[in-house]
Amino acid sequence: MSAPRHHARLIALIALATLVFSPPLVLIFDRPPEAGASWLPLYLFVVWGLVIALGAWLMEHQREDG
Amino acid sequence: MRTDAVVLTVAFGYLALLFVIAAWGDRRAEQGRSIIGSPTVYALSIAVYCTAWTFYGSVGRAAEFGPSFLLIYLGPTLAMLMAPFMIRKMVRIASTQRITSIADFISARYGKSSSLGALVALIALIGITPYIALQLKAITLSHAVLVNYPEAAELRLAEESFWVDKSFWVALVLAVFIILFGTRHLDASERHEGMVAAIAFESLVKLVAFLTIGVFVVFVLFNGPVDLFSQVADSPQLVGALGLDAVPGGATGWVGTLVLAFLAFLTLPRQFQVLVVENVDERHLKRASWLFPLYLVAINLFVIPIAMAGLLLPIGNHDPDSFVLTLPLSAGLEGIPLLVFIGGLSAATGMVIVETIALSTMVSNQLIMPLLLRSKRLHLSSQGELAGWLLGIRRIAIVLILLLGYLYHALIGDSYSLVTIGLVSFAAAAQFAPAMLIGMYWRGATRVGASLGLIAGFLIWVYTLLLPGFAQSGWLDADFLTLGPWGIEWLRPYALFGLEGWDIYTHSLLWSLLANVGILVGVSLFTRQTPLEQTQAALFTNAMNPGLQHTPLWRGQTTCGELRSLLSRYLGAVATARILSDQGNGSLADADPAPPSLIARAEQALSGALGSASARVLINSVVRGEALDLESILSILDTTSQTLEYNRRLEQKSNELARIGEELRAANERLRELDRLKDEFVAMVSHELRTPLTSIRAFAEILRDGKDLPEEKRIHFLEVVVLESQRLSRLIEEILDLARLESGRLTLTPQKLDLVALARHSVDAVHRLQEDRGVTLVVDIDVDEAPVIGDPDRLEQVIINLLDNAGKFADDDDPRVRLHLAPHKRHFRLSVEDNGPGIAGDERERVFEKFHQIKRFSGNAGKAKGRPRGSGLGLPISRGIVSHLGGRLWVEDAPQLQGACLVMELPSAMDGREPGFVQKVGD
């Protein structure tokens, strides 16, 4: 993978992470189910895990000198 | 088992283990077999971010404020994602400049300013000491909970003497640890191997401890997460506890805390220490950028279940901050609480160790050294070796910082919950972010701007967070909070300028960063940088530029002897010998002038030990003339960027050259082909001319010699001679036409004419001939009249030529040709198609080239058997004529007969307009 391409992907991931951790999307998931607590923590953990997985994939597939 | 003696033995036993690990790490490093040169250890050492505040406080915060505790860890996750851009640059800068702390970093960026460095160190000291106090408080508190359970463990610090307080002794042990392993080298920019190993180990211990209690709560106290959360769903008072409603400040507070955690992660002195100063290899960032966030996920996984369990189960009226201890205690267990206590101890001690090292380096290098250099320079210089002095200063600073932390904890700690102090410290550290981050990317940021911005941000932080904290502790009148100072309502510290309804941290962060960034940028735009500042700014902002490394930047003059004595005075004889011998150009006599690279090395070495500001003062004291060659470094910077630009342009040029070369080669190829075709053409023309000439000559000779030929034979021979002469002159006429066309001397007499009549006339002319050849000719004319401007003779020549060609190339067995005339927009199109094999796409333009066509004609000569060959000049001549008349001639697929179709298009002259005008309108 070329370095500029890799950088572009990384920047896209940062933008995505910022987006999913910020209010408009967070508010959407801040809804309690029929009975019980809000989905928000579950959403945060799932998204968090996905972001880290994507990040790990990007970083480990980078060229050595990139 | 929970007796004081056991708990204390385990606690101090754990601390002893840390000593062993650190000593082992240092020994391995000395043997050159470092145990910490791995990205995993690096990631674990960054996990010093998770302090006792995480360990105990997260559960408390989750119980009280819902998921907002996660923001403290989402911010660093974002920061670590940006590591390849931002932290990598910080690491690069720190390693080239031998940066020792964040205060040194900011000071070096703004022209190695000692005043700015001192300011940062001072702010850090004021802002972070409470955080150290918080860790000590956590140790005291957890110990009290462990020993006193089931009694409530309210702090009784005020009643206790300090020697009864365990955290006092822990602080003392830590001081010894830090002095032993944190001040081994004088060079603070070198990695503290043993300490980092111990920190990484502590990160593992706290993770294991927290996961153990988490698994215990979820799977032993409850039957798994499903059971736990169904019980949560059944208790009405907990339903709202996990939503955004529980987060202070709602959505605004959410964003504010996220930003706060993001900035603090980069600017907290201990984070800067492990992230940047202790980094040995910037490639480690790659692994750490996802491994550390993963660690954060793991350590936070059970926070919410534990908080919910603590709220659900009847464990007495205990502080949520202690749920991790009280939950297993309430179940009657002994071992797990002890493990949890050790986990909390490891979280607290890890933080205290790194933070104290970072702060003590700052205090000694940025606060005390510059003062000593200024006031007691002569006195200091008269001493033999100052290396011991420097370490002494740092060690005293360590003890003082820890005592200060303890004092704060003993005096004010009672009134604060764990979380409050943590975020207050975060907000203080965040004030460094503008000077650091903007300085890394904007060359124009000046020292004055950065200093004023920092002061403004710090003052607002004091006013909106620190003073209200004092007020809540009862040190200030509580009216200060509710009514504002002197009753001025818009100055209320938690609602500055009437901004109400925000949580206090977001509120403080907004105002302080607004002032900080605003003043930094605004003042920078109106102040000038000194030359040194310009250089440093350029070096920082262009840190990733590969041309900048290892460039000697010194020009001033000094002797090796003077440098040697300066270095040995401050760094000791051993280090001096190493620096001078690394030079590689043999032993230098004391009287020799020092080469620029040696001066640079000397300054770097001094920077690593004393900080960049003091190092510059010292180097300037022995180097005569302008020590740092500012002009040359700026020119290096400019040349590097120029060289890059030149390279880019050269590359462009060479690409262009390659392209042009390719074009030239193609053109040459084409020319050779044309030349070959020309030769063929000449041969062909000669042949064509010779054939009729030969027969004319032969018959003429027969007529001359054969006096007794019968009359009818004589007439027949004469006819042949006449026919061949006609053919010959037609051929010559064509060649002449072509020559005229090509030289532009073809004379046409354009006049208005009817293309329909002309087409019919042409068809009549060739009708007989085509019939003789067996060609079926279909004529399709869609219009009654087709007025065009043209030369009738020439146009007729074109049409006849098209029909003739079509007849030749039509199918051998059932040749068919169709002429079609139709209007098209403001033009008329006359097309002639045949049912022959057609013309391939790439051949379509080439049939209009005379040379090429000859080849094609000769190639197809065998196929068009029984029908005469043409000279092959018809199509080029036709195209020349048509374009002279403002029309076009091209080949396309035959719409009906499946062969080739030649289309001639001429502009319409419907209203008797001039041809030129018609053409213009037609376009």
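The first residue you see is number 1, and the count goes up from there.
The backbone N, Cα and C atoms fix where each Cβ goes, and this holds for glycine too.
Sequence-distant contacts of the transmembrane segment (B:6-24), counting only residues of its own chain at least 6 positions beyond either end whose CB sits under 8 Å from a CB of the stretch, comprise 35, 143, 146-147, 166, 170, 173-174, 177, 180-181, 194-195, 197-198, 201-202, 338, 341-342, 345-346, 349. Under the heading transmembrane segment, TrEMBL lists B:6-24 (among others).
According to TrEMBL, the feature transmembrane segment maps to B:36-56 (among others).
Long-range neighbours of the transmembrane segment (B:68-87) within the same chain, counting only residues 6 or more positions beyond its ends whose Cβ lies under 8 Å from a Cβ of the stretch, are 49, 54, 57-58, 61-62, 246-248, 253-254, 257-266, 275-276, 285-286, 288-290, 292-293, 296-297, 300, 303, 437, 440. According to TrEMBL, the transmembrane segment annotation covers B:68-87 (among others).
If you look up TrEMBL, you'll see B:116-134 (among others) marked as transmembrane segment. Using a Cβ-Cβ cut-off under 8 Å and counting only residues 6 or more beyond its ends in the same chain, the transmembrane segment (B:116-134) has close neighbours at 51-53, 101-104, 106-107, 110, 268-269, 351-352, 355-356, 358-359, 362-363, 365-367, 370, 401-402, 404-409, 412-413, 416, 418, 421-422, 424-425, 427-429, 431-432, 435, 447, 450-451, 454-455, 458, 461, 466, 611, 613.
Packing against the transmembrane segment (B:167-186) from elsewhere in the chain are residues 11-12, 15, 18-19, 22-23, 26, 136-137, 139-140, 143, 192, 194-195, 198, 345, 349, 352-353, 356-357, 360, 387, 390-391, 394-395, 398-399, 402-403, 405-406, 409, 571-572, 575, 609: each is 6 or more residues past its ends and has a CB under 8 Å from a CB in it. According to TrEMBL, the transmembrane segment annotation covers B:167-186 (among others).
Summarising the annotation, TrEMBL assigns transmembrane segment to B:207-226 (among others).
Residues or ranges marked as transmembrane segment in TrEMBL: B:246-269 (among others). If you look at the transmembrane segment (B:246-269), the same-chain residues 6 or more away from its ends with a CB under 8 A from one of its CBs are 49, 64-68, 71-76, 78-79, 86-87, 90, 101-103, 124, 128, 240, 275, 355, 358-359, 362, 423, 425-427, 429-433, 436-437, 501-503, 505-507, 509-510.
Counting only same-chain residues 6+ beyond the ends of the transmembrane segment (B:290-316), those with a CB under 8 A from a CB of the stretch are 39-40, 43-44, 46-47, 49-50, 54, 58-60, 62-63, 67, 69-70, 73, 76-77, 80-81, 150, 152, 203, 206-207, 210-211, 213-215, 217-218, 221-222, 225, 228-229, 231-232, 235, 237-238, 241-242, 323-324, 326-327, 329-330. Here TrEMBL flags B:290-316 (among others) as transmembrane segment.
Sequence annotations record features per position, and here TrEMBL assigns transmembrane segment to B:386-409 (among others). With a cut-off of 8 Å between Cβ atoms, the residues of this chain six or more beyond the transmembrane segment (B:386-409) that come close are 125, 129-130, 132-137, 140, 157, 162, 167-168, 171-172, 174-175, 178-179, 182-183, 186, 188, 352, 356-357, 359-361, 363-364, 368-369, 380, 569-572, 575, 609-610.
Per TrEMBL, the feature transmembrane segment maps to B:415-438 (among others).
Among the features that TrEMBL reports, transmembrane segment is placed at B:450-471 (among others).
Per TrEMBL, transmembrane segment is recorded for B:504-526 (among others).
Per-residue pLDDT, averaged over the coiled coil (B:647-684), rounds to 86. As annotated by TrEMBL, coiled coil applies to B:647-684.
Here TrEMBL flags B:684-910 as domain 'Histidine kinase'.
Within its own chain, the transmembrane segment (B:450-471) is flanked in space by residues 106, 109-110, 113, 115-116, 119-120, 123, 126-127, 412, 416, 420, 424, 427-428, 431-432, 434-435, 439, 477-478, 480-481, 493-494, 496, 504-505, 507-508, 511-513, 515-520, 523-524, which lie at least six positions past its ends and keep a Cβ under 8 Å from the stretch.
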